[in-house]
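Quick look at what Swiss-Prot annotates:
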- 15-35: transmembrane segment (TRANSMEM)
- 74-94: transmembrane segment (TRANSMEM)
- 95-115: transmembrane segment (TRANSMEM)
- 135-155: transmembrane segment (TRANSMEM)
- 167-187: transmembrane segment (TRANSMEM)
- 207-227: transmembrane segment (TRANSMEM)
Amino acid sequence: MIGKPRGRRGVNLQILPSAMTVLSICAGLTAIKFALEHQPKAAMALIAAAAILDGLDGRVARILDAQSRMGAEIDSLADAVNFGVTPALVLYVSMLSKWPVGWVVVLLYAVCVVLRLARYNALQDDGTQPAYAHEFFVGMPAPAGAVSMIGLLALKMQFGEGWWTSVWFLSFWVTGTSILLVSGIPMKKMHAVSVPPNYAAALLAVLAICAAAAVLAPYLLIWVIIIAYMCHIPFAVRSQRWLAQHPEVWDDKPKQRRAVRRASRRAHPYRPSMARLGLRKPGRRL
């Protein structure tokens, strides 16, 4: 008896997230090739492509229910390549190869990225973390570090040579970025950022402006992103400290948390720092 021919097996979509991760590694390594060929624009574009793929692969894995231990390990290795090794080598080849200290600072950056990723993986398996910990990074995330590094190249592309291309400024900036990567400073995760409904229209307008700037002034946009990210750090620290002091709101939604904070401010209108400094409300008698 002749059996029925087997149908062609469909493509297993569960490999798609890992395929995207591998593509991001290819983009990151190809960026180094273009940097060696003195094509910094192409190198920066490929690093951006690697970052986009890195941001999408995890979401695709969750949508397809294709999360696995192997996928997580590949993703971590991809981050080390794309946001550690690649930005370090691109910046070294493009701007720092003339000075011996250049190799030292980019090596420091790459090592700090690896250490930061190792700590992140360890914290993921730590069951003792408080409930709010998943809303914050510990230290600067690796993609933000890569943007900080590429920002130096963006300054040169936009304005040419200047004090911003001096070895002292470059070394200071790269070292500072490396310290932020391995620091314990809390920084907000994007998925944990909530926007009140009355600010939604303004946010859409800002996104439209950023989309236009990405075409008209991409190098300046990189620095707008860097400055905005640096400015958010004090607010992230304040938010993390407030959450640590209010465990009763750990499971609340952002809207409920904002209501609790407003009520707390109304109940305690004077900040502790004002009391320590002996400050008083204008018009109030001593």
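Glycine is treated like the rest: Cβ placed from N, Cα and C.
Remember, it's a predicted structure, so these values are computed and weren't measured experimentally.
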- Do the transmembrane segment (207-227) and the transmembrane segment (135-155) share at least 3 Cβ pairs closer than 8 Å, excluding pairs fewer than 6 residues apart in sequence? yes
- Query: Restricting to the same chain and to residues at least six past its boundaries, which positions have a Cβ under 8 Å from a Cβ of the transmembrane segment (15-35)?
  - Reply: 42-44, 46-47, 49-51, 53-54, 56-58, 60-61, 64, 66-67, 70-71, 74-75, 77-78, 81-82, 85-86, 89-90, 93-94
- In terms of Cβ proximity under 8 Å, which residues at least six beyond the ends of the transmembrane segment (135-155) contact it? 40, 44, 47, 51, 54-55, 79-80, 82-84, 86-88, 90-91, 94-95, 109, 112-113, 116-117, 119-120, 123, 162, 164-165, 170, 173-174, 177-178, 180-189, 192, 218-220, 222-223, 225-226, 229, 236, 240, 243
- Item | Residue numbers, six or more beyond the limits of the transmembrane segment (167-187), whose CB comes under 8 Å of its CB atoms | 91, 95-96, 98-99, 101-102, 105-106, 108-109, 111-113, 115-116, 119, 136-142, 144-145, 148-149, 152, 232-233, 236-237, 239-240
